[in-house]
Amino acid sequence: MTTPASAPDHESTAAPVEPHRVLVLNSGSSSVKYQLLDMRDRSRLASGLVERIGEETSRLVHTPLTGGEPRERTGRMADHDAALKAAAEELTADGLGLDSPELAAIGHRVVHGGLRFTAPTVITDEVLKEIERLVPVAPLHNPANITGIRTAQALRPDLPQVAVFDTAFHTTMPEAAARYAIDVETADAHRIRRYGFHGTSHAYVSRKTAELLGKAPEDVNVIVLHLGNGASASAVAGGRCVETSMGLTPLEGLVMGTRSGDIDPAVTFHLKRVAGMSADEIDVLLNKRSGLVGLCGDNDMREIRRRIDEGDEQAALAFDIYIHRLKKYIGAYAAVLGRVDAVAFTAGVGENSAPVREAAIAGLEEFGLAVDAGLNAVRSGEPRLISPEYARVAVAVVPTDEELEIADQTFALVAPDAVRGDN
Ligand SMILES: Nc1ncnc2c1ncn2[C@@H]1O[C@H](COP(=O)(O)OP(=O)(O)O)[C@@H](O)[C@H]1O
Ligand SMILES: CC(=O)OP(=O)(O)O
Ligand SMILES: [Mg+2]
């Protein structure tokens, strides 16, 4: 790539360096994860997490990856703008300030890209307006993403800001999977269809799973189970998504930390007509007061397992409902794919909870699925197999890295000719 920075400069003695760093912002409803990467070798220079934004107990944990210990800040951070400014200060303290000429771009996770955004996109005013238009279909996520973009633009107005959409990977779903069986004219008038989310993670993990099996992505069919606070399953055939569990919004599908996942849509009419709830109240009930937290008061799988170990029946039932739904999706996606080569568990619960993996696969021997108890108990940050050798289908734990995937896609867009390190 030829830029003014690489033009001969007779006054300076050192050779000018092409901008090669990417900052990634993954803004969630109440948290921000960030990473600064050096794209020459795809190494992480620093990473961090701000949790409980808007509460008195906000907490920032910043990890410099060049040797130092993690640093913590606590105390109220009122909004995502305050959280990002605190993160920028931590980076500056490490000598990695956002004013650096080495920064090439800022990559943003944007949850809903609607029908229009099927690939990473440089953010213009017009693109930002479209992301705003999609707020009603991602009310917990797109507003946080927009604040992240605005704050980053204010800090570095000269840099390309790139949006990488959760929905993009799912745009290959066939119409049979993407359409709801409702009146076509109404659906089309309001763009009501199944978009799917967590696509960056499903893309990354399905590719990594193929790598773990020593095969090309085109040659494998994978069921990816992204089990975080939000949770979704996808069926990926030869590297292309053919079905996923989230729909118009991230509310459909699996039982999640605070979201109900699938319910009979008539439950909402019933809540309105019989329980007298407004649309907004029902929205809050299903998005924030349902799922594991609605069933047992806790949404953290560690806490639920602790309660089960102490004999708590409410926690045990919540766990059973979570696993029952997961198992239904594994069976359904096996049917959709026809041939399954691997089932991959990922995200906070999928990577860390051996009991969830064991229970989700238990009883599926007829599908060629089994988990080896010893392998399942191993704790590691590496992709690994947990199925016994005799099993026909591989079961794997494959840590996701949405930030690395966003950095790769961002850098490929802004510096298409740059030489990048390999995996
Ligand atoms: N060691 C663990 N054992 C079981 N569950 C865990 C563990 N660590 C994290 N989790 C679960 O992972 C969830 C967070 O997952 P994550 O993928 O970070 O979610 P999100 O990106 O939606 O915030 C927590 O709510 C908790 O339930
Ligand atoms: C789309 C979605 O549910 O994201 P998250 O899991 O980060 O809440
Ligand atoms: Mg997540």
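In case you wondered, yes, glycine gets a Cβ from its N, Cα and C as well.
From a predicted model like this one, the values you see are computed outputs, not experimental measurements.
TrEMBL has this to say about the protein:
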ACT_SITE  D166  active site, proton donor/acceptor
BINDING   N26, E402  Mg(2+) binding site
BINDING   K33, H226, L227, G228, N229, G230, D300, M301, R302, G348, V349, G350, E351, N352  ATP binding site
BINDING   R109  substrate binding site
SITE      H198  site 'Transition state stabilizer'
SITE      R259  site 'Transition state stabilizer'
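Shown here: features listed in TrEMBL, placed on the structure.
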{"residue": "N26", "record": "Mg(2+) binding site", "Cβ contacts under 8 Å, 6 or more apart": "V32, K33, Y34, R109, E402, E403, I406"}
{"residue": "D166", "record": "active site, proton donor/acceptor", "Cβ contacts under 8 Å, 6 or more apart": "R109, V110, V111, H112, G113, G196, F197, H198, G199, T200"}
{"residue": "L227", "record": "ATP binding site", "Cβ contacts under 8 Å, 6 or more apart": "L254, L326, F345, T346, A347, G348, V349, G350, S353, V356"}
{"residue": "D300", "record": "ATP binding site", "Cβ contacts under 8 Å, 6 or more apart": "G257"}
{"residue": "R302", "record": "ATP binding site", "Cβ contacts under 8 Å, 6 or more apart": "N352, S353"}
{"residue": "E351", "record": "ATP binding site", "Cβ contacts under 8 Å, 6 or more apart": "F345, V397, P399, T400"}
Recorded positions listed as K33, R109, H198, R259, least Cβ neighbours within 10 Å: K33
DSSP-derived class (H/G/I helix, E/B strand, else coil) of R109 (substrate binding site): strand
Three-state secondary structure, which DSSP defines for L227 (ATP binding site): strand
Recorded ATP site residues K33, H226, L227, G228, N229, G230, D300, M301, R302, G348, V349, G350, E351, N352, farthest C-alpha pair in Å: 21
Filtered recorded positions, from H198, L227, R259, E351, whose Cβ is under 6 Å from an atom of ligand 1: none
Chain-internal residues near N229 (ATP binding site), provided their CB is under 8 angstroms and they sit 6+ positions away: M256, G257, T258, N299, G348
C-beta crowding around E402 (Mg(2+) binding site), within 10 angstroms: 24
